[in-house]
There are 2 protein chains.
Amino acid sequence: MSVAVKRAEKTIAVSEIFGPTIQGEGALIGKPTVFVRTGGCDYRCQRCDTLYAVLPEYKGDWKPMSATEIFAEIQRLSKQTPILVTLSGGNPAMQPLEALIDLGHEAGYTFTIETQGSIAQPWFAKLDYLTLSPKAPGMGNPWPTNWERLDRCLQYARQGEKQPAICLKIVIFDEVDYAYAKELAARYPEVPLYLQVGNHTPPHVSNTIDTAGLLERLDWLIQRVTEDRWYTVTVLPQLHVLLWGNKRGV
Amino acid sequence: MSVAVKRAEKTIAVSEIFGPTIQGEGALIGKPTVFVRTGGCDYRCQRCDTLYAVLPEYKGDWKPMSATEIFAEIQRLSKQTPILVTLSGGNPAMQPLEALIDLGHEAGYTFTIETQGSIAQPWFAKLDYLTLSPKAPGMGNPWPTNWERLDRCLQYARQGEKQPAICLKIVIFDEVDYAYAKELAARYPEVPLYLQVGNHTPPHVSNTIDTAGLLERLDWLIQRVTEDRWYTVTVLPQLHVLLWGNKRGV
């Protein structure tokens with residue numbers, strides 16, 4: 001058995017595969033994409049909006065799949081037409097995703113990952129896009145950011161021939177989160193930074209979202225950055241939350 | 001008097017200068033920016049959302065300003081900190097904006113223009129970003145697209161040393177507009193295309209917007225492109241409309 005075949009047979013814990021839909025947030029906002037959400041996470045954020053892909057009690061819902069099986073499902077959903085694949089979680093950096101990226105690239109698909117930057121993988125260098133979203137205090141992650149690990153994510157991503165387009169994304173709930181985002185911007189001035197209004201009523205808190213409240217928070221955040229003359233940042237909502245609330249699979 | 005000084009003294013018809021706020025649409029969605037809205041337009045779109053910068057009866061509200069005066073106001077609003085300047089209208093391509101771009105660039109400001117692509121200017125090549133938004137039938141523009149002129153806009157933008165990042169943007173109200181967008185994509189396959197949900201209740205129709213209706217139309221448009229396997233396009237709302245409705249100056 002060749003090394004490539006062996007890699008493709010490594011199992012990946014998959015919470016859900018869905019789409020095509022659009023990416024609702026960040027640098028690729030509005031782009032058609034298929035999501036692969038892996039199961040398992042090294043974080044425990046109180047305001048997590050996908051606990052079903054994080055907590056061990058949902059483990060029974062996660063399906064172990066090979067890269068070949070996952071890519072077959074992506075091809076079925078995209079009707080064999082190359083599309084952007086978004087690797088999300090949980091923390092997708094916990095999974096052996098290199099073989100999936102290789103398989104997809106051969107067929108013209110592109111790949112982006114959304115990860116908190118706590119686990120660095122050499123295959124980050126193979127991605128087309130990399131979004132690192134370390135968690136500000138408002139997300140309620142009990143562990144502080146490990147800056148060395150975040151540095152390593154950037155370092156690994158930059159060590160290939162073809163480098164992914166890298167950005168940072170911070171979910172903002174309040175002034176403390178805002179201060180954290182400023183710290184991040186000072187630390188990585190060369191990396192584009194996206195600020196995102198957090199959903200204060202995630203699925204485990206409420207079935208419905210507070211649309212007016214989310215837009216008010218967005219308005220506040222825009223005023224906050226412009227008053228601060230912070231003109232190099234980008235401020236965005238989560239479009240999928242405005243469109244579909246806390247519904248899964250869109 | 002030098003040529004540069006003469007150019008800086010040419011008067012520009014200005015409807016409004018406001019900001020900093022964020023760009024609410026297109027490729028630069030979410031980016032902090034100051035808007036310079038010029039007065040006057042060669043189009044008459046029934047669904048235009050800025051008729052006060054288009055119709056001759058508002059001419060009395062437009063202030064003739066020099067590039068130097070406009071840039072002083074941009075600097076005041078941005079508190080002397082370089083920011084992205086969005087040139088909009090009306091049709092800003094009707095105005096002599098080259099001197100303003102030169103002045104701004106010297107101070108570290110960047111420039112983007114939003115124009116329908118009916119008038120080409122050699123100074124397009126000096127811009128940092130160029131958004132061409134030809135009008136689909138649903139906008140109610142009585143004249144069909146002049147493709148030669150649109151070609152010329154692209155040609156002029158591409159003839160400098162530094163080329164602006166170019167994109168196309170189409171406002172979509174219905175299936176006819178969607179078909180127009182497909183035609184455009186086939187004509188310019190190398191230019192990134194943004195589809196935008198149109199505001200069906202612009203200021204001259206209603207004081208309030210129909211948020212639920214706008215989100216429904218966005219949902220429809222996302223389904224339309226994904227069912228069509230049109231994965232190279234980007235689908236976005238107008239954030240400023242969702243945030244601030246038909247309010248001016250934001």
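Yeah, the Cβs are placed from backbone N, Cα and C, and that goes for glycine too.
Record features (TrEMBL):
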type	residues	note
BINDING	A:ILE22, A:GLN23, A:GLY24, A:ARG37, A:SER88	substrate binding site
DOMAIN	A:28-246	domain 'Radical SAM core'
BINDING	A:CYS41, A:CYS45, A:CYS48	[4Fe-4S] cluster binding site
BINDING	A:THR50	Mg(2+) binding site
BINDING	A:GLY90, A:SER133, A:PRO134, A:LYS135	S-adenosyl-L-methionine binding site
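Among the binding-site residues A:ARG37, A:CYS45, A:THR50, none has a Cβ sitting under 8 Å from a Cβ of chain B. Candidate binding-site residues: A:GLY24, A:GLY90, A:PRO134. Fewest other C-beta atoms within 10 angstroms, A:GLY24. You'll find the Cα of A:SER133 (S-adenosyl-L-methionine binding site) roughly 11 Å from the Cα of A:SER88 (substrate binding site).
Using the Cβ center of A:CYS41, A:CYS45, A:CYS48 for [4Fe-4S] cluster, the list of other same-chain residues with Cβ within 8 Å runs, in sequence order, A:TYR43, A:ARG44, A:THR50, A:LEU51, A:VAL54, A:GLY90, A:LYS135, A:MET139, A:ASN141. Spatial neighbours are here defined as Cα atoms within 10 angstroms of one another, and by that definition the neighbours of A:LYS135 (S-adenosyl-L-methionine binding site) among the binding-site residues A:GLY24, A:CYS41, A:CYS45, A:THR50, A:SER88 are A:CYS45. Taking the Cα atom of each, A:CYS48 ([4Fe-4S] cluster binding site) and A:GLY90 (S-adenosyl-L-methionine binding site) are about 9 angstrom apart. Rounded to the nearest whole angstrom, the C-alpha distance between A:SER88 (substrate binding site) and A:CYS45 ([4Fe-4S] cluster binding site) is 15. The Cβ centroid of A:ILE22, A:GLN23, A:GLY24, A:ARG37, A:SER88 marks the substrate site; residues of that chain outside this set whose Cβ lies within 8 Å of it are A:GLY19, A:THR21, A:GLU25, A:THR33, A:PHE35, A:THR86, A:GLU114, A:HIS240, given in sequence order. This prediction places the mean pLDDT of the domain 'Radical SAM core' (A:28-246) at 96. Closest in space to A:GLY90 (S-adenosyl-L-methionine binding site), of the binding-site residues given as A:GLN23, A:GLY24, A:ARG37, A:CYS45, is A:ARG37, taking the CA atom of each residue. For the pair A:PRO134 (S-adenosyl-L-methionine binding site) and A:CYS41 ([4Fe-4S] cluster binding site), the Cα-Cα distance reads 13 Å. In this entry, A:GLY90, A:SER133, A:PRO134, A:LYS135 make up the residues listed for S-adenosyl-L-methionine, with the farthest two CA atoms of the set 13 Å from each other.
Separating the Cα atoms of the residue listed as 'Mg(2+) binding site' and A:CYS41 ([4Fe-4S] cluster binding site) is a whole-number distance of 10 Å.
Other Cβ atoms within 10 Å of the Cβ of A:LYS135 (S-adenosyl-L-methionine binding site) number 23 in total over all chains.
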